[in-house]
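For reference, the structure discussed in these notes is given below.
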Amino acid sequence: MNNHFKCIGIVGHPRHPTALTTHEMLYRWLCTKGYEVIVEQQIAHELQLKNVKTGTLAEIGQQADLAVVVGGDGNMLGAARTLARYDIKVIGINRGNLGFLTDLDPDNAQQQLADVLEGHYISEKRFLLEAQVCQQDCQKRISTAINEVVLHPGKVAHMIEFEVYIDEIFAFSQRSDGLIISTPTGSTAYSLSAGGPILTPSLDAITLVPMFPHTLSARPLVINSSSTIRLRFSHRRNDLEISCDSQIALPIQEGEDVLIRRCDYHLNLIHPKDYSYFNTLSTKLGWSKKLF
């Protein structure tokens, strides 16, 4: 064992037996290396582990130096929204489909993780968004997002009329199916599918991407991440929602606005030493290979 990490948390909700096997392999391997290991409670229950230290995501965030998330990007997003509140590094083993946020190859995870545990890694901070549903600036509901905050109809698809204010200055009004407000991390997710730009993770920027706008002049907009975005609605309806990372939904009631701003805390994401953002883009998006 080394001095870089002493206590390691294992998190991620497995959706199939193969992923659960990775959790068990990781737990037993870390124990043989002499690390203190905290296993998320649900995982320990499903593995039927005996005499193991377990904890919630918050407890892992408070006690561990490193959290290893086993799963796909959805697992990473769900865990990271909580873990980002604490001084803990996070890395992922990809057991999902695309895996933009989960770098480690499950077939070679032990060797890659061994190098990381020896201190051979790249660290970066990814900012989150905070979404508030408020009435007369009185906060009523709040959540955070690592990828994006999305304005959309609750149940039945229909056009929404709304106004967008940036730092309390009117920017534009829009008739569309919704609006995607994305971080650089989320620029390769839902925002990309809607025609938004790809932002490198280190950019202090937020993108606003319209969803099926009812005008050809509506285009994605990139603003400084220090800006505050306010959404106001022309026709008060009770079926609008704000969703965070497609995992948490906040209903919007009549007379309420939505405020979106950068969070005060960051996700401390780490990667193997040979990590390259542009290589990841090329691999995941199927870009053409180098010509010469």
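The chain as shown is numbered from 1 upward.
Note that Cβ sites are derived from N, Cα and C of the backbone, with glycine treated the same way.
Long-range neighbours of His158 (NAD(+) binding site) (same chain, six or more residues apart, CB within less than 8 Å of its CB): Asp177. According to DSSP, His158 (NAD(+) binding site) is assigned to coil rather than to any helix or strand. What Swiss-Prot lists as NAD(+) binding site is Asp73, Gly74, Asn147, Glu148, His158, Arg175, Asp177, Thr188, Ala189, Tyr190, Ser191, Leu192, Ser193, Gln247.
Contacts of Asp73 (NAD(+) binding site) defined by a Cβ separation under 8 A and a same-chain sequence distance of 6+ are given as Gly96, Leu98, Gly99, Phe100, Leu101, Thr102, Ala189, in order along the sequence. Look at Swiss-Prot and you will find Asp73 tagged as active site, proton acceptor.
Look at Ala189 (NAD(+) binding site): DSSP puts it in coil. Annotation for Ser191 (NAD(+) binding site): spatial neighbours Asn147, Glu148, Ile180, Ser182, Thr207, Val209, Pro220, criterion Cβ-Cβ under 8 Å with sequence separation of six or more. Most Cβ neighbours within 10 Å, among the binding-site residues Asn147, Ser193: Asn147 holds that distinction in the structure as shown. The full span of the recorded NAD(+) binding residues, Asp73, Gly74, Asn147, Glu148, His158, Arg175, Asp177, Thr188, Ala189, Tyr190, Ser191, Leu192, Ser193, Gln247, taken as their largest Cα to Cα distance, is 31 Å.
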